[in-house]
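K.L.:
According to TrEMBL:
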- Y109, K111, Y128, D135, D317: alpha-D-glucoside binding site (BINDING)
- 210-220: compositional bias 'Basic and acidic residues' (COMPBIAS)
- 348-392: compositional bias 'Basic and acidic residues' (COMPBIAS)
- C105-C137: disulfide bond (DISULFID)
- 210-236: region 'Disordered' (REGION)
- 342-406: region 'Disordered' (REGION)
- 1-19: signal peptide (SIGNAL)
Amino acid sequence: MGPLALALLFWAALSAARAVVYFREQFMDGVKWQDRWMNSQYKSDYGKFRLTAGKFYGDAVRDKGLQTSENSKFYAISSRFKPFSNKGKSLVIQYTVKHEQKIDCGGGYIKIFSSNLDQKNMSGDSQYYIMFGPDICGSETKKVHVILNYKSKPHPMKKRIRCKVDGFTHLYTLILRPDQTYEVKIDNEIIESGNLEDDWNFLPPRKINDPTAKKPKDWDDVPQIDDPNDVKPEDWDEPEYILDTSAEKPEDWDNATNGEWQPPMIKNPLYRGEWKPRKIDNPNYKGVWPCPQIENPNYSPDFNIYSYENISIIGLDLWQVRAGTIFDNFLITDDEQYAEDFGDDTWGETKDPEEKMNIKQTEEEKKRERAKEEKRFRERFNRKVEKQKESGKTNLNRITVKKEEL
């Protein structure tokens, strides 16, 4: 082993030694996961989770996770760990999710709670610190939620992040840093990043329009005006309704009873509405007036938006129309590099074998379908032959079947 390889191993080991892992769950010990996870009893008809690697996987053991198993159900389950605060440290939340059922409508996100959550009564109304992960419903909703609690109110991210919509396992990572920056990663690649204050509406704006400023009287902000040279055509004015000259007075019409008969009014086909001159670009247009900005007196910076106290519970609180989603490889740590390496060692090691198994299964299913179709064809063909024999319309040396039937 060369000096470079040794150095890399040394730094990897050093990073792992420095990392604080607050929570990690890979479901590698069989049914013992049930001792660590608690189902909510808030509703009596919550859907049930089961431990499985799914229909296709990269490793039958390492890819086992919690799978939703019942269609059109709410799900609520959580796991508790030792409380901690991320003040002064990065917070990294990471997990894998696989919608092998090609989900049509349902959540694949997780929630992070404080230690005072009553797990037995966890529900959609339970206050959480962070909600993170994919949400899919129909053709329009295919996004990654990043909702952060600030002063007891949930604040959704202003930017839109598209989630993965195939049926394979994907790695989702959220990073919050003490410098108020963040990153969202999918499959260990940065998808979005920025500043918490800029990309969420936590605080009032730093600057506002000057309420004492007034737009100059000669400032023209109308982009188009009426063409002064446009003239209304002489034949434009026509009434909207005209008498129906083709109508005839009913034979039984009684003027004494009904009054003098008048033909009905009908829509005038020549009526073109109110004439308006065409629009042209305003030569004096100056654009939207830029109101001078002043410091917002109601703005006060908060350098602790990123931090939470007594982080202690991770939960799945979601609804799914079509079940089958698998959650696995949960990780909460303070070390970004450790999380990236953990993702490479879990999802990174099994993603390619998972796709290969899926391709193989798909090809085998196509072969089975072709075999079934050929069998059905042969059976239909043989029945046709038997009918022809019985009707005496053919002989044993020659069997004719119409091309359309083939």
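The backbone N, Cα and C atoms fix where each Cβ goes, and this holds for glycine too.
All TrEMBL annotations are machine predictions without curation.
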K.L.:
Determine which residues of this chain, when Y109, K111, Y128, D135, D317 are set aside, have a Cβ within 8 Å of the centroid of the alpha-D-glucoside site's Cβ atoms, and list them as they appear in the sequence.
P.N.:
G107, I110, M131, F132, G133, H145, I147, G315, L316, L318
K.L.:
Out of Y109, K111, Y128, the binding-site residues in the record, which is closest to C137 (disulfide bond) when you go by Cα distance?
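P.N.:
The smallest Cα gap between C137 (disulfide bond) and any of the binding-site residues is with Y109.
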K.L.:
Please give me the CB contact count at 10 A for D317 (alpha-D-glucoside binding site), counting all chains in the structure.
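P.N.:
The Cβ of D317 (alpha-D-glucoside binding site) has 24 Cβ neighbours within 10 Å.
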K.L.:
Ranking the recorded positions C105, Y109, K111, Y128, D135 by other Cβ atoms within 10 Å, which is at the bottom?
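P.N.:
Lowest Cβ count within 10 Å among the recorded positions (C105, Y109, K111, Y128, D135) is C105.
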K.L.:
Counting across all protein chains present, how many other Cβ atoms fall within 10 Å of the Cβ of C137 (disulfide bond)?
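P.N.:
I get 15 for this one.
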K.L.:
State, in Å as a whole number, the widest CA to CA span among the alpha-D-glucoside-binding residues Y109, K111, Y128, D135, D317 given in the record.
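P.N.:
The span, Cα to Cα at its widest, is 17 Å.
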K.L.:
Give the distance between the Cα atoms of D317 (alpha-D-glucoside binding site) and C105 (disulfide bond), rounded to the nearest whole Å.
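P.N.:
Cα-Cα distance, D317 (alpha-D-glucoside binding site) to C105 (disulfide bond): 15 Å.
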K.L.:
At the level of the C-alpha atoms, what whole-angstrom distance separates Y128 (alpha-D-glucoside binding site) and C105 (disulfide bond)?
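P.N.:
Y128 (alpha-D-glucoside binding site) to C105 (disulfide bond), Cα-Cα distance: 23 Å.
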